[in-house]
Amino acid sequence: MATVKVPATGAQIDDPAEIGAFLKPYGIWHERWEVEGRIGDDATAEEILAAYEPEIERLKRAGSFVTADVINVSPETPNLDAMLTKFDKEHTHSEDEVRFTVRGHGVFWINPAGDDPVFAIEVGVGDLINVPQGTKHWFHLCNDRTIRCIRLFQETSGWTPEYIDDGVHVEHPPVCWGPNFLTAEAGSAALGDGPVRL
Ligand SMILES: [Fe+2]
C-alpha cells in the first residue's frame with residue numbers, strides 16, 4: 001500500500017483515492033492491482049509478466065509502451081551498492097518511468113516543477129506508479145534492500161538518467177515508513193543505523 005509524505009509540511013496521505021488526487025496535478029498516476037494468488041514466491045520473470053498480462057497490455061495501449069520486463073533487486077544482487085547509486089541522485093528521463101511492485105518496497109522522491117515542495121511516494125506490493133518524462137526524481141530502497149518490479153518502456157533501447165546538477169536529494173535522508181517503519185527492528189535500523197541508500 002502506497003504512502004505519500006511531504007517533508008516540508010509534515011503531510012502524510014495513506015488513502016488510495018487521496019493519493020491519486022494528490023499526484024494527478026503532477027501527471028503521476030497510482031493504481032492498485034490485485035495481487036492475491038497471481039504469482040508464487042519463486043515466480044520467474046516470464047511467469048510474472050504472464051500473470052499480469054491484462055494490466056500490462058492495457059497500459060501499453062494507453063501509454064505507448066512497447067516493452068515490459070522484470071527487475072529483481074535483493075541483498076544478494078551482485079554490485080548492488082554500485083547499482084543503487086544510479087538511482088539515488090536527482091535525475092530525469094526522456095520517457096515515463098513506470099513501475100509495478102510485485103515484491104519488496106521502495107521510495108520514489110519527486111521534486112516537482114514550480115514552487116511545490118519535494119514529496120515522497122513509498123510503494124509496496126500491488127502499487128503501480130509512473131514518473132512522467134522530464135520529472136525530477138530519485139529512488140531509495142528500504143532497509144530490506146528488496147524490490148521486484150515490472151517495468152514498462154516507451155523506447156526499446158530503455159532509458160538513461162540525466163542527472164541534475166546540485167540535486168536536492170542530498171537534503172532528504174533515505175528513510176522508509178509505514179508497516180516497515182513500525183517494527184522495532186526495522187524502525188531502529190531505519191532511524192538509528194543510517195537507512196539504506198538506494
Ligand atoms: Fe529514474
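Numbers here mean position along the shown chain, with the first residue as 1.
Each Cβ is built from the backbone N, Cα and C atoms, and glycine gets one as well.
Note: TrEMBL annotation is automatic and uncurated.
For the Ni(2+) site that TrEMBL gives as His91, His93, Glu97, the extra residue drawn from His105, His137 is His137.
Listed in sequence order, the recorded positions among Asp96, Glu97, Arg99 whose CB lies under 6 angstroms from an atom of ligand 1 come out as Glu97. Spatially, by CA atoms, the recorded positions Asp96, Glu97, Arg99, His137 include one closest to Glu90 (site 'May play a role in metal incorporation in vivo'), and that is His137. With the fewest other Cβ atoms inside 10 Å of its Cβ, the least crowded of the binding-site residues His93, His137 in this structure is His93. Those same-chain residues not listed among His91, His93, Glu97, His137 yet with C-beta within 8 angstroms of the centroid of the Ni(2+) site C-beta atoms are Thr92, Val131, Thr135, Lys136, Trp138, Trp159, Pro161. The Cβ of Arg99 (site 'Important to generate the dianion') has 19 neighbouring Cβ atoms from other residues within 10 Å, across all protein chains displayed.
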